[in-house]
Amino acid sequence: MKERLEALRVEALQELQQVDSPQQLNDLRVKYLGKKGALTEILRGMGSLSAEERPVIGQVGNEVRAAIEEVIETKQAAFQQAETANRLRAETIDVTLPGKKQAPGAVHPLNKVAQEIEDVFIGLGYTIAEGPEVESDFYNFEALNLPKDHPARDMQDSFYVTDDILMRTHTSPVQVRTMKAMNGKTPVKVICPGKVYRRDDDDATHSFQFNQIEGLVIGPNIRMSDLKGTLLQFVQLMFGKQTEIRLRPSFFPFTEPSAEVDVTCVQCGGHGCRMCKHTGWLEILGCGMVHPRVLEMGGYDPNEVSGFAFGMGVERIALLKYGIDDIRHFYTNDLRFLSQFVRM
Amino acid sequence: MNVSYKWLSDYIELNGYTGEQLAELMTSGGIEIDVVESRNKGVTGVVVGHVLTREKHPDADKLSVCTVDVGGPEVLQIVCGAKNVAAGQRVPVATIGSVLPGDFAIKRAKLRGVESQGMICSAKELGLNDKLLPKEQQEGILVLPEGTPVGASILDVLCIDDEVLELDLTPNRSDCLSMLGVAYEVGALTGRSVKLPDNRVNDSAEQASAHVSVRIEAKEQCLHYTARYIKGVQIGPSPQWMQNRLMAAGIRPINNVVDITNYVMLEYGQPLHAFDADKVEGGRIVVRLANDGEVLQTLDGQERKLEPHMLLITNGKEPLGLAGVMGGASSEVTDSTVNILLESARFDGGTIRKTSRQLGLRSESSVRFEKGVDPARVVPALDRAAALMAEYASGHVLDGIVEELAEQPKAAVVNVTIEKINRYLGTELSKLEIETIFGRLQFPFELSADGVFTVRVPSRRGDMTRDVDLIEEVARLHGYDNIPTTPIEGATTPGALTKPQAIRRELRKRLTDAGLHEVISYSFTHPDRTKLFPALAGAELYPVRLALPMSEDRSVLRTSLLPQLLETAVYNRNRKNDDVAIFEIGSVFHTDEAALTRLPREKHRLAVLLTGNRNRAEWNRKAEAYDFYDLKGIAETLVEVLGVSGSIRYEAAQPEHMHPGRTAAIVLRGERGDETIGYLGQLHPTTQLDHDLADTYVLEIELAPLYDDADFDIVYKSLPRYPAMERDIAVVLNREVEAGKLIASVEETAGELLESVRVFDIYTGEKLGAEKKSVALSLVYRHAERTLTDEEVTELHGKVVTKLEQSFAAELRK
């Protein structure tokens, strides 16, 4: 019997060497090791053996089974590996083809810049106030120390609807509305963004409709040095830490003292270039200490409180920030223009 | 105001400052200098010559051959083409080697065979602005006054070696509309003192009052009127130096008398007017308001219709001039004028401004009166001009000033404390520093022991009325750069967006994420455009019309955002961009008043437009056109983000210019009941055609109700612990039955146990017949606290199906 078992081992191993498919492998497993397989068949004759021979033959039978099983397992592992490799090869794709995406749209550059400015001031503790674009003459002019025949109204050629109602020429009326709403309380710390309108012929640098952002701070002891400090903080957050400011005396009816503010040229860093007309400075802001008349009309006592205000044109800052050459692009809404502002 | 550097140095020492340096100093002090321009446009080597002889050129009709003495050892022979050249003239001569503007070097030349040793120049060739030249000098060569020294440099004679500073004045600094005002400003900046011009008059014995009387009837409009009488003037050109200065200031010389009034106006900022005294009947001056219908011919030859608010200088009967704006033709100074009635007055700025505006007549005079003249200079300017007329027009100034003073000017006294100055500016200025600044400004002051400055502000600085005005003077002369930089003191404040602002930002973010670009349109539009979408524009409302629009296309305020979104789509389509996905967030303006008496309502809205393809054809997907459901998906996403999807529903609607079968009203169920807050749908095919657009889907929605009802609060619900049961139904029913109604029915019948219902298939086809469709719904049932039994779900689901069958004549599809 032992000879038969050894012969079976040789035969089985030989046959297994020839296997080249998982199916064949399975067939051989059944043929040799199955319930009706060759090995079982041989071992079924163990009953006729003597008590001495039986464990010896049993031992041999187990060895033969183990040897066959080992080869089958090795073969099976090899088949699985090959199959996985095949599958991966079949599934390989071209990773350079474009993905499925929704191409992003863009926030309008003017709103993008306005939001950025708003966020800087929110970080500095300001809230955002808004007001109507169609205003009364009172809020737009009179309450800002510009009575009807004030010479400074020369500076603001306006779109009137009636004698007393007009398109606001600046966002300053929101300051007055804010003061009135505060009812004499301090501190006031607001910025007022919005559209404004002036009778101006459109060209590369002028638009009859444009956007402003104004700021107003009122408190018991607000100083001009605080105004400088605030503006410096703002421009450094907006344009970078190296940015400096320069104030030049100017005139606005609603502030006294008044100043124009220049910042270090964003293009050349102050060395002088075409953008800053070789001065190293760019004018971006008007500001000043709130005129006592304006405080009075807003319901404050100028002996008790003081304040500062500042205002800037959003278009101007967007033009500088992005290097845009013509203000009219902002309002023609050409998609080739708008789609350039998708970045965060 | 254009300021000649050389002229200015008559009143203040400018040593140590070039024109550029002066401009920089003034700009940093608050008087902005736009540009510093040299009057010399490139002239060197031109001298004054004396034309000795003039002969006709032998071979050229239009040329002359002249001999000219230029003060050198030899007399020059010069060929000249000008008609007006004549022997005896003093003329500018560009000798060999000299250069004219445009790098035009003069060389020895032969003209038609005759040698020319230089060139006789016209004013234009010397780079002078010919618009500013006296009329007789605008053509031909420039003929200089007799007695101009031969051989002198033309740069000196015409005062070309000078620079002109162009001042860009803010409205408060009208004091710098005069050379003296600028001198005071420079004095404040440099600490140097101002030299006043000589205005001593040598009165003759004869009394002016014998020839002139003055009466002010309009005392609110004319505050002071002064006059002098100058007898026996000889009208002629003014001296060359005066002409040079006027030209530098941008004023054309006319004759000595007129030039003197202009010169003194520039010097003092006080406008003057010279009447031909013999044309002022009775020498009578009456200042009064115009009568209705009165007419005046002004100096420029125009007939002016006058109105009762306009102030006139009259002879008691007829008007002689528009006070402060322009003189009348009837009393104009001419070559034959002999006696002068000279006016120096102070008129109310508002009156002059209104007249000047209404007549569209702005003059150097009206500009100064509008902004306010210095009351203290009315008489000094009158005297100065009279003195100059004596000197340069050979006149005799009669004794005395004839005047009436209607309103005594108020002396301004303003107090400010050292403490307030420093507290306001954040500085630590000493008493001495502030005293020095007021001293430089030439503001007389007293300082009390407790630090109060009592400043008597000179009348030339009418802008100084309150303590802050003085503080500004201190600040600008101390230098804004020297004010420290400090943080705001006091409690910090929290900064935040308001709810509407936060919502608008969220809308922008979601819409751009969905691939839409934001646009900003003009708020002004054509009236016809406001009629395009009456449902959105408010059919019963009026557009707000501008009183003075720049064009009809931009004459009314928009009542809806959509018309301009359509224009934007068309604009881009015309530039070969057919795929447009855009939105705008902005205000529309509504009023129910035909003529506004109060502010219109401003409503924030969101509008969206989609047209063309959602995506281009790519390797893994086909190009897909936008459809209604793309737009609706956007709307649904937005209301979900705002937390209001539960109170929004969409109802088929047929607003004008929208596709009647593809438009929905957006209805918000709120505290005020149901409210249509917007529409979404496809444009009507004819509207699309009108705009030459492909299928276009638009949405416009009112934002205020969303600001009110938006709910950002997130309340966590525990995850379900018991299993759900899913059942599907497919029903066949009439095509026009809306899915929304089926869902509403399902929700109502199934009640609380229904977790969700979803349409997962719509089928139409021949098998069903043209009028039918099949709708397949997927329902999920779940109980929060226990596992549902099969029986109870089957029973409930059965009710749902029965209800659908009954309500919609639906047949269950098996």
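Placed from the backbone N, Cα and C atoms, the Cβ positions cover glycine too.
The domain 'TRNA-binding' annotation in TrEMBL covers B:40-155. Per-class residue totals from DSSP over the domain 'TRNA-binding' (B:40-155), listed helix then strand then coil: 11 helix, 48 strand, 57 coil.
Note on the domain 'B5' (B:409-485): mean pLDDT across this stretch is 95. TrEMBL lists B:409-485 with the feature domain 'B5'.
B:D463 (Mg(2+) binding site) falls outside any helix or strand according to DSSP and counts as coil. The Mg(2+) binding site annotation in TrEMBL covers B:D463, B:D469, B:E472, B:E473.
Taken from TrEMBL, the feature domain 'FDX-ACB' covers B:720-813.
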Q. So of B:D463, B:E473, which of the binding-site residues has the fewest other Cβ atoms within 10 Å around its own Cβ?
A. B:D463
Q. Between B:D469, B:E472, which of the binding-site residues has the fewest other CB atoms within 10 angstroms in the structure shown?
A. B:D469
Q: Run through the domain 'FDX-ACB' (B:720-813) and tell me, per DSSP, how many residues are helix, strand and coil.
A: 34 helix, 32 strand, 28 coil
